[in-house]
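What TrEMBL says about this one:
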type: REGION; residues: 1-36; note: region 'Disordered'
type: COMPBIAS; residues: 24-36; note: compositional bias 'Polar residues'
type: REGION; residues: 88-113; note: region 'Disordered'
type: DOMAIN; residues: 264-337; note: domain 'F-box/LRR-repeat protein 15-like leucin rich repeat'
type: DOMAIN; residues: 343-465; note: domain 'F-box/LRR-repeat protein 15-like leucin rich repeat'
Amino acid sequence: MSNPRNGDTKPPCLPRNGLVKIPTQPNGLGSASITKGTPAVKNRLCQPSSVPAILSPALAHRSDLPIPSLASPLSLAALAGVSSPPGSSLVGLNTSEGSEQPSPERLPGSPSERQLAVDEKILNRLFWYFSACEKCVLAQVCKAWRRVLYQPKFWVGLTPVLHTKELYNVLPGGEKEFVSLQGFAVRGFDGFCLVGVSDLDICEFIDNYPLSKKGVKSMSLKRSTITDAGLEVMLEQMQGVVRLELSGCNDFTEAGLWSSLNARITALSVSDCINVADDAIAAISQLLPNLTELNLQAYHVTDTALAYFTAKQGYTTHTLRLNSCWEITNHGVVNMVHSLPNLSVLSLSGCSKVTDDGVELVAENLRKLRSLDLSWCPRITDMALEYIACDLHKLEELVLDRCVRITDTGLSYLSTMSSLRSLYLRWCCQVQDFGLKHLLSMGSLRLLSLAGCPLLTTTGLSGLVQLQELEELELTNCPGATPELFKYFSQHLPCCMVIE
């Protein structure tokens, strides 16, 4: 990441899942990353840091201050605050006696400037203007800066992502030593994502992270070899976990869920785990009475499973995401709307057997919906949009990506929805300029995605300047989006972020 204050190029965009990836280290520690909790600000984080004018001009423009370039690579040691291994060239990692970290007295400049550089009141204000990745670098400058930055308030909503190789240091004799996670504890991280770990790695993590027993509220395991036994030990030992994610974990079975799931869990996400089928949903429905959110990607879950939810869950569950559940049909939708009538967020993305009749059931029975995702549902037509417009009066977000049968007629139905704020029409190949005219009356729209719509022309897109309240417009892979059009938007939609 380049330093925007030096006139370099601005830092790269975050991926849409909010993942901040820190480059791989040459010292063998690998890479550490941090997950941003709110992906809605994904593109705004691409902008250079806006540093307030609270430093003196002399200090703000000093090129000789010992501030490492924000392009510097970071290791797990930097993020966790542990000593760097021998030979590391990173700045300020070693906090032991004899460290080369500059003290306030050794900073260049006048005494007043040196004092200003370590004034905690100023630093507490200044550091809010940096991204998580930049904070990791700034914490290496000196102990005074680290002391300020390692306050939990600067890390709220962030989740460290640790890969297996980052959890161990190789000692001179070849043995492996689990890294110190004290730096994470100081910053108060209450959620972790572990990638590629085994049962033993998880046990080591529990033993070495001071907050693991009751302080960790969220755990995510991805592409890991955790077994039924490991899952049971983890949830038994980590009594504070209320949010659990299992992604790409193919070694645990449905029996492991029956023996491990605890009633304290309120949010569960299971995706791309080959042993998950209807019996897993039975375990979830029986063992998690306080479930508020369920995210499920399972190719073998059938309509029957959606009838397993209890009356208690029908009251508490407000979010259900069924992604690429290929066996779910309209009969499953019937079971779902009767079992979970209080849903406010629903995704049927990739449920390719659901048709307009299924959407009609959703619209008639789930009137509290605020977000609906029907992306990659090829059987959805304009008729489904009519049902949505007639009944879902509280809907704020609608995702129709790859719904290839949607036409301009469907957009005319949506134009009557006064509450709709976000509309995604990526790769809707039949939408034309005439359909865009229907959207121009939707003053509530704040986000509109037309990425990959091949029939939209420059003339039709230029009319979008009438949506003066628009905050984000995505035109990626849109043939009608020309350089001249982007310049036109910059002049007439100055407050809108246009994604090329």
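Note that Cβ sites are derived from N, Cα and C of the backbone, with glycine treated the same way.
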Mean per-residue pLDDT in the domain 'F-box/LRR-repeat protein 15-like leucin rich repeat' (264-337) works out to 96
Would you list the DSSP helix, strand and coil counts for the residues of the domain 'F-box/LRR-repeat protein 15-like leucin rich repeat' (343-465)?
-> 42 helix, 15 strand, 66 coil
How many of the residues that make up the domain 'F-box/LRR-repeat protein 15-like leucin rich repeat' (264-337) does DSSP mark as helix, as strand and as coil?
-> 29 helix, 16 strand, 29 coil
